[in-house]
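Annotated in Swiss-Prot:
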BINDING   75-80, 109-113, 133-134, 146, 155, 173-176  NAD(+) binding site
BINDING   188, 251, 268  Zn(2+) binding site
């Protein structure tokens, strides 16, 4: 059996609940590691049709003494819905899982969100372990305890905050990740670079210029740093009453774009990439951000092979209406994460309709001045 290799361990402490984020190789097939967090006799593995043929058998092999049931869902954001959620509940009930059961999320952010929401609500809460298999889930979606399903009216409209027992990031799973999915995950890394600034921004920028890949030697520690950044923020503000809202940089635009296209045009990270560029242009239009920094953001997204412009086929008025459903609205005011410079972001609820419209026009393909 391949030897377990540890790169980093990030400890998270939220509301008296502590758990580790373990960045490693061969963790998914290490019996000692997996069973350290699965103390129950019952386990439900939630995965999808893409990941199951690759890793399900390996995970099952390290749980030979457990009642190990499996739910295999359809792959994709469009399936993050009530129907999929109830498929998980049905399996738990039909297989007589008790309150001491454990749910394992084996997959990307969609699987983690749904399995986590099921864990937070089944019999008022059962143990939950994250095994993220996409870069986006490893650096962002699996960290911090947000769980949700989508509603036809908008993304992540029904959800909860629920922390896992552990997040085990096995970097070997990235070897089978499609190139497009890997690049989508880089968008969240760029987001962290903008939030943190300083040397981390420079390292991400340099890594992208050199061509960041699954095999880049700096990747494990960059992933660990992203996890550390998010963990530190979430520890201070678990339920997004203030500081944590900064993690939504670019997401007001991204969620509206995803809803507009029924989750069929872009991966989540690709929509975030467009959202980051929108946020940078909006910050420039409000007189906060210098244009050379906007150009830097654009170059980073281009180096990452990510989209950054809004297609001219999209109705900006309808897109603005979808933004009005955003969960971050407070006191009926739409709030944006604005950028003064890398490392200096803040929440702004005073963006005028004219300023927003002007920014959006300048982000449409072929329209940037």
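Using N, Cα and C of the backbone, Cβ positions are placed for all residues, glycine too.
Keep in mind the model is a prediction, meaning the values are calculated, not measured.
Annotated features taken from Swiss-Prot, shown on the structure.
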residue: 75; record: NAD(+) binding site; Cβ neighbours (10 Å): 17
residue: 78; record: NAD(+) binding site; Cβ neighbours (10 Å): 14
residue: 109; record: NAD(+) binding site; Cβ neighbours (10 Å): 26
residue: 112; record: NAD(+) binding site; Cβ neighbours (10 Å): 27
residue: 134; record: NAD(+) binding site; Cβ neighbours (10 Å): 29
residue: 173; record: NAD(+) binding site; Cβ neighbours (10 Å): 25
residue: 176; record: NAD(+) binding site; Cβ neighbours (10 Å): 14
residue: 188; record: Zn(2+) binding site; Cβ neighbours (10 Å): 27
residue: 251; record: Zn(2+) binding site; Cβ neighbours (10 Å): 25
residue: 268; record: Zn(2+) binding site; Cβ neighbours (10 Å): 27
Can you list, in sequence order, the residues of the same chain other than 188, 251, 268 whose CB lies within 8 Å of the CB centroid of the Zn(2+) site?
136, 140, 141, 187, 191, 250, 254, 269, 271, 272, 275
What is the nearest of the binding-site residues 188, 251, 268 to residue 78 (NAD(+) binding site), using the Cα of each?
268
Considering Cα atoms only, can you say which of 188, 251, 268 is the nearest neighbour of residue 75 (NAD(+) binding site) among these binding-site residues?
268
Of the binding-site residues 109, 112, 173, which one has its Cα closest to the Cα of residue 188 (Zn(2+) binding site)?
109
Candidate binding-site residues 109, 112, 134, 173, 176, pick with smallest Cα gap to residue 251 (Zn(2+) binding site):
109
Looking at the binding-site residues 109, 112, 134, 173, 176, which has the shortest Cα distance to residue 268 (Zn(2+) binding site)?
109
